[in-house]
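So the structure is just underneath, and the comments pick up after that.
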Amino acid sequence: MQLIEVSAKTGYVWFRQGIWLFRRNPLAFVTLFFTYLLAMMLVSLVPVIGAALPLLLIPGIAVGFMAACRDTIAGKQVLPTILIDGFRSYGPIVTQRLLTLGGLYIVSMAAVFACSALGDGGTLLKIMFGLGAENLGPDALESPGFKIAALIAAALYAPVAMMFWFAPVLTAWHDVPPVKALFFSVVSCWRNKGAFTVYGLLWFALALGVSFGLAALMQALGASAYALMVMMPASIVITAMLYCSFYATYRGCFGVQEPGAPKLPNTSDR
């Protein structure tokens, strides 16, 4: 495993590579995303622990998305079952480590939203973990305290995202123990913070541009009432492309995970 340091403009390359990868097999990636959403919804219905189960499974599912990207580049068929690739293809030790990462992710997210309670007294925490959120009125979501809590959560989530950005795939594909994987992930994200900043701004600009563009178009057509109906599939496509770009960031920061693995195109010159 080699940790690669890249320039800020590489963030644009990752952005383009994510879109290119999605275009290789758009139907498969949209299907994967829908399958993921459905699975997480069903898992969350489990009594008592349902709110935490999706977080527990996220690291393993992340490996599945990465495997789907790898197989798409290799020209292999991608089926929804690849989402559980992390739990079935690398042995019981890797499965245990991925679940350990999931447990650490639960603790990290609980800490983030617990701190957000300083802003709104725990409203956001209740919503995210299903702790009596059904009793909250609409006024609670519109209060200044709730907005402050959201800002606190967003700020604290940044280091959590850095820890878990590469940790699952490092654990599954490089046999790195969970704690070391979290450390290497943070180091890689920090060393390439310029590229990640450009990368994040580009995705934010795309999402914002599509949202405003579709809203303006629907208003011009006199169909504003249907704007949300049009925006939902657009949001799904953008999110699926974003997920594809995660693989590009991994390859950009750590190179090829195995001998003979297919290469991503360098889209910087296109």
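Note that Cβ sites are derived from N, Cα and C of the backbone, with glycine treated the same way.
According to Swiss-Prot, the transmembrane segment annotation covers 24-44 (among others), on the basis of sequence analysis.
Residues or ranges marked as transmembrane segment by Swiss-Prot: 45-65 (among others).
The list of residues near the transmembrane segment (98-118) in space but at least 6 beyond its ends in sequence, with Cβ under 8 angstroms from a Cβ of it, reads 52, 55-60, 63, 86-87, 124-125, 128-129, 149-150, 152-153, 156-157, 160, 163-164, 167-168, 171-172, 178, 181-182. Residues annotated as transmembrane segment in Swiss-Prot: 98-118 (among others).
Per Swiss-Prot, transmembrane segment is recorded for 150-170 (among others).
Within the chain carrying the transmembrane segment (198-218), a Cβ under 8 angstroms from the stretch's Cβ atoms is held by residues 8-12, 14-15, 224, 226-227, 230-231, 234-235, 238, 242, 245, 249, all 6 or more beyond its ends. The annotation transmembrane segment is assigned in Swiss-Prot to 198-218 (among others) on the grounds of sequence analysis.
Summarising the annotation, Swiss-Prot assigns transmembrane segment to 226-246 (among others).
Away from its own ends, the transmembrane segment (45-65) comes close to residues 32, 36, 39, 82-87, 95, 98-99, 101-103, 105-106, 109, 128-131, 164, 167-169, 171-173, 243, 246-247 of its chain (Cβ-Cβ under 8 Å, at least six residues beyond either end).
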